[in-house]
Structures are given as structure tokens and as C-alpha cells.
There are 2 protein chains.
Amino acid sequence: MLLKSQEHLSVLKVIIITALLIIFTSSLSVSTDVDDSLAYIWPLPAQFSSGNDTLSVDPALCLSVSGKGSGLKIVEEAFERYKAIIFEHEVEGVNSHSVFNNFRKRRSRGFDIGTLKIVVHSDNEELQLGVDESYTLLVAKNEGLSIIGEATIEANTVYGALRGLETFSQLCSFDYDTKSVLVYKAPWYIQDKPRFAFRGLLIDTSRHYLPVDVIKQIIESMSYAKLNVLHWHIIDEQSFPLEVPTYPNLWKGAYSKWERYTVEDAHEIVSFAKMRGINVMAEVDVPGHAESWGAGYPNLWPSPSCREPLDVSKNFTFEVISGILSDLRKIFPFELFHLGGDEVNTDCWSSTPHVKKWLRDHKLTAKEAYQYFVLTAQKIAISKNWTPVNWFVLFCANEIASSIFKFALPLDFHS
Amino acid sequence: MLLKSQEHLSVLKVIIITALLIIFTSSLSVSTDVDDSLAYIWPLPAQFSSGNDTLSVDPALCLSVSGKGSGLKIVEEAFERYKAIIFEHEVEGVNSHSVFNNFRKRRSRGFDIGTLKIVVHSDNEELQLGVDESYTLLVAKNEGLSIIGEATIEANTVYGALRGLETFSQLCSFDYDTKSVLVYKAPWYIQDKPRFAFRGLLIDTSRHYLPVDVIKQIIESMSYAKLNVLHWHIIDEQSFPLEVPTYPNLWKGAYSKWERYTVEDAHEIVSFAKMRGINVMAEVDVPGHAESWGAGYPNLWPSPSCREPLDVSKNFTFEVISGILSDLRKIFPFELFHLGGDEVNTDCWSSTPHVKKWLRDHKLTAKEAYQYFVLTAQKIAISKNWTPVNWFVLFCANEIASSIFKFALPLDFHS
């Protein structure tokens, strides 16, 4: 989490974004028409073909799931969510006053797509890095000659089926003239799989607390872009919002008593994300971004007047890290765990007498002690059956990279 | 809708708000503790008293409605919404793995409030200006001696019951230590009624299109502050997003084909608002803020090169206004309808030959024609059984105020 040290970069970013916005806005004002030669699917599927038919979708669209994974509730719940999105605008005839007229209209109109068929081959719903998210999607007029037709998603896992549902919903457009939901440019035949196994978005709930409902909205929106990892930067120097049962004073470092997450809140977030095929990678950034820990346990600071990084000289520091990671292991099933490790200014270690003595006794420079800290934290994470991740900036500290990164996976794209 | 003419005021506002934010932020950083002598209810009820008890609320809280209004679904749906808000955080023991343990825990804990009783005396659910929103709310330990006790809301109308539910939800706090929902400072005895019959919030969907879901979120949040009128400034010179069946080209003035509201969307917004005791006051701002009308019907402009205000010289202009108001009357049951009428620059009338001739033929100055326009629009609104509202700025145009405002109700607090 680079802040002060990269302020010039941030300013540059703002300038670039502003410039792009101006260009984008002025081009928008020229024309808001649609280029029909393009496929409006985001991200663009790996392979697809389309035609020239326009198909209508029945507002009473049914789901038919088959395959070994058909018993899993993930697909059914997702179908209900996507149905609400696809039929966001009320369709002509639905909820009209006369049930009879309504029925007649719909029968006579004869929708092209009345059922969405989903085939899920596996009943394994474990969600880990590299899980099979591939799917095929066919949307075509059923001529009565084939057993497939209408709309069919086929996937190896429920998570592939979720991605297929997202794509299907993007093919459906509300037509304001006929007030019906249409699929243009059918037949569609789409074969898709992600290019990257890790497609993440970072939220930072330490610098700015986000209510659970807001985090859920973010997760929901991630599913629209087929992102699959919520990188939850939970704690930093500014606040410690998460409950840690083993060290119950830690969340005294929250901004206020309302700006906190219970263990149950965290479970709820993980489970909400899983229903959308999204893993939650928790981050506990040590030893540099951890001042808030000392609000509950001041011994974690080198001294009350010199509070960061965490005191490398005390066993207690690593006991607390181990306690946090044990508690978090019960909440976060994802195999990756982020230990931060960036932006460590070791001045407090060199200037605080008892830490200075410890460095001398162990014949360590401050930089070597930093290396020792990161490595020890990684070992703790590994002992809890986690694959540790660190910020990329550690790679740049060449002297310590070789030893540290035998365990670290530089998988985060946001560093 | 004052824009350009009051830019200096806007700048002043920004400065004041910034200053207040700085003061507020710095005072926040001093202490985020709660002053227990205060009642954290917003807006503060008309009369209330509290005590020193702390009561626990059962997460399986039941609703019991009685009175002539007990059959109306408004209260039941609101109860379910508020239950989700009150129990936003999962409560200890609920959803735990052992059903038996769970049951035992809850029985032995013995919640103080297990039922919320709501008495609604009237079965009239018409929502008009001045509807009775009063209620009484009692939250007290039931000592078994009285038929009232626990939590009881009594109201004349369902809308009073909604306000009581909002207040009840504000009394309930999640306690992070016991992980339960508690009511502090009980017994509470609250007698409340609004000080103002019209408590509005304005949204402007012409300058910036808001999706239906966003409007619903705004309405939902209004209910938390007990606001009761959504002032929907639908159309302005920038865009015409609403479908008008009688003049189907009008919404060609929308920003794009996706940034539109169907008649069904508008119905949905009105009905969503009513379930929260909120009226929707539609605004169609004439003749000054209406350039977008001409995208569909260019004859409404004085000329293609001079597009505002609407052409006062043509009958067609008033036919279109009448058509819009007829169509909108079927959507918006609220008795008030806002006709705008502000910021009219009559230069286009004085400079366009055929309008200039019309003014001369009718022996009207441009200002008198402005008065004629506003008055005619008001008469149309009145003929549709609406009470017209105009922007307060018209009062300042002293010369025309006396005649115009025999019909106008200056009820909007935001002008």
C-alpha cells in the first residue's frame, strides 16, 4: 500500500485520468449510438460467433439444471439474481390488470427463449485458485430438430455456470419500443474461459471503514466483470476493524465501536462472495502497517512514542500474529493469504534501546531484522496451511528477495 | 432550478460546507464517544421520555398487528425490512451449528422483547399531503401485569405505523460485546408527529440520469429520515427521459436509449415510495427549462436556432403540456404537481418573427406572455385535478405574482 512515497505518481495518475475523461466525454457527446458490428460482452469471451436473428426472452423464463452439479444451490440462487437483472424493466403485459389478456398476449407472442438449460458436470463446489471457470453458451432459435437450442450453458463447475449466466444476462437487452427483452445477433455460440486465474479487486477497510452491505455491493459488482478475488486489506496503521477472538483487545484499534466487523460479519462476506464465485484473500500487513494493533496491546509497539514497525524483538509479536492467523484461517478458506510487508521504515527499531540491544545481540542489521520478520510471518502462515503473498515492492529490495521469496507467490496484480 | 444566475451563491455554499466539514472532522478526531445523556433518534420525536433499563431484542422478533388497518400489507412488508436492518449483524447463537444448543441458549437467555405489537386504527391507505403520521411507541419490560408492554406502536394510519417502526429500529443497537441487539435507556415512551406536512428531497433526472434502482435507494434512505415527498424533477433542457404515450417522440430527448424511464418504471417508483409512506411530486418545468422537448417535436421551439422558452404562440405547445399532464396524472396520485416556471429568458420570443408578431397581435409584452404561459399551464394542471406548485422565484417577479399565485401553493422547501 504505497501512499506518501508515491505521491508524485498519484498526481500523474490524476492528470492522466482527467485527460482521458475529457477525451472520452467529448467523444461521447459526438455520438451515443451503438456500433452493431461489436459484441457488447465484457470481458470479451475467448471465442464467439453470432448471427442476424433477434430472439425474444420470456419474462417467465424457467431454469432447468442437469448434470452431477445440479443439486448445488449456487446456480439456482444465481439464476434468480440474474432474472431480476434481465427483467429490470417491467415487460409489456406482465402485471397487467387482466390475467386473461396477459395470458393471451404472451401465448400469441410466442417467446423464442422460454427455458435456460444449465448443465454442470461436477458436484465439487470447492473454490480455489485456478478452479475451472470455463463454459459454453448457446443462444439460438429452437427449430424443434435438436435437443439443444433456446439457451444452454454447459460448464464443468458451478463457477463456470456463473460466468455463463453473467454472459447470458449481457446478451439480453430491454427494447424500449416493444417493451420486451431481446437477444440480438443470435445465434450466439460462445466458448469462454478466463485468461488469468487471479482477477482481483482490492478494498481497504482500515483507512476507510466500509459497512458490510457496501462490501456486498462491491462483491456483487465484481461478478458483473467476472472478477474472482476480493483482496480484503482489512487492517492497517489507521484502524483495526476486525474481531480476533484470541486477542479480543485488537479491535479496540477500530475507528469507533460501530466501525467493526464481527467474526460472523467476515463469515457472511466470505459466503456471499462464494455464491458469486469470488474468493476473499485477506491481508494483514506486517510489520510496517500495523500501528493500530497497539491500541489494544501497546507492547506490540517498540515504544509508546515510536510505534511502527511492530516490535521485532518480542516473542509476543509473533504470538499475536499466529493468533490472528489461526482465527482468520477459520474464516477464510482461500489458499492465499496476504502478509503485506511493504514500506517498512526501521528507524524505530534502531532508535529504541531494547530493540537496538536485541539487534546487537542477534548480530542483525535493521534490514536483516526486516527480512527475519517477513520470513517468520511467512512461516507462520505456511504452518496454518496458507500460501503467503507479499507486496511486489519486496522484490525490489534485492538483498532480501532471494531468501524471502522462496515461499512468496507474487500473485497480486495491484501492487 | 437556479443554476447560472446563482453561481456566486453556490461558491459561497461550497466554502461554508468545506468550513463546516473541517470543523466537524477536527471535532470528530477528538472523540468518537457517545454522550449517553442524548437520545439518538433522528429526527427527534415531538415528546419522549426514557429510563435506565437495558432490554434485549429476540432475533426471532414477531409482529402482531391489530386494528382496522391490520389487513394492509404496508406494515407487514415494512416490518420485514426493519427486521433486516435491526439484525444487520448476525446475533450470537443464530445459525450456529447445533440447533439444540441454539435453542437452549435462546431459551435460557430470555429476551425482553419477543413481539412488536402494532395497532393501526384506520384501513384508509390513501397517501396525501397532511396524512396522519402520528404514532406512539412504548418499549418497556413486560412485567406480566399489563396488557401492553414489550414494544407497542399505536397509530391512526399505516403511515404513522411506518414512522413508529423507523423510530423503533433506531432504538435498537447491536452490542459488539454480547453480540445481541439491545435497547438502552428503556422504558421509552414516545409520542410523535411531524412538525411539517411536506418534508421533501429533490432529485434531478434530466441533468443526470439516475437508474430506477438508484432512485429506489434514495427513497429507501429518505424513509430513514422520515422524509415524505420525493420531488422528482424529471425533465429539463438537458434531457427528456420519461415516456409520454400521447406524444411518443418526447423521450427522443433522452441522453441515450438506455437512459429512459418507461411508464411502468415510473409506476414502480411511485409504488415503491408509497410502501415507505413517501409521495412522489413530479415536476415538468415550463416554459424555461424545456429545450429537450424539441428533440422529438421541433415545433415546440420558437425556432431551430432559438430553442427556449417553449413557443408561447402555438396552441400545439399547450396541447403537448396537456397531453403530458394527462399521461402523468395516471402515474402520480399525489395532489401536488410542480410546473417549474423559473428562470425564463424571453429573448427568443422577442427576436423570433412569428412569436414577435403574436405578441404584437395580442398586445402582450414578453413579461406578460410569460405570465400568460405560467397561468395557462396552471389551469391545465388544475383541470387534471392537480394543485400546481411553482418555484419560489416567481414570487419575486412582483408584477406577475398576484395573478399567478391565486392557484399556486409555494410548498416546496428547497427553492
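The backbone N, Cα and C atoms fix where each Cβ goes, and this holds for glycine too.
TrEMBL lists A:E343 with the feature active site, proton donor. Annotation source TrEMBL lists domain 'Beta-hexosaminidase eukaryotic type N-terminal' at A:41-171. Annotation comment: TrEMBL describes A:196-391 as domain 'Glycoside hydrolase family 20 catalytic'. Feature annotation from TrEMBL assigns transmembrane segment to A:12-30.
Here the domain 'Glycoside hydrolase family 20 catalytic' (A:196-391) has a mean pLDDT of 97 out of 100.
A:E343 (active site, proton donor) falls within neither a helix nor a strand when secondary structure is assigned with DSSP, and so counts as coil. The domain 'Beta-hexosaminidase eukaryotic type N-terminal' (A:41-171): residue composition by secondary structure is 43 helix, 37 strand, 51 coil, according to DSSP.
Around A:E343 (active site, proton donor), taking its Cβ as the centre, 19 other Cβ atoms fall within 10 Å, counting all chains.
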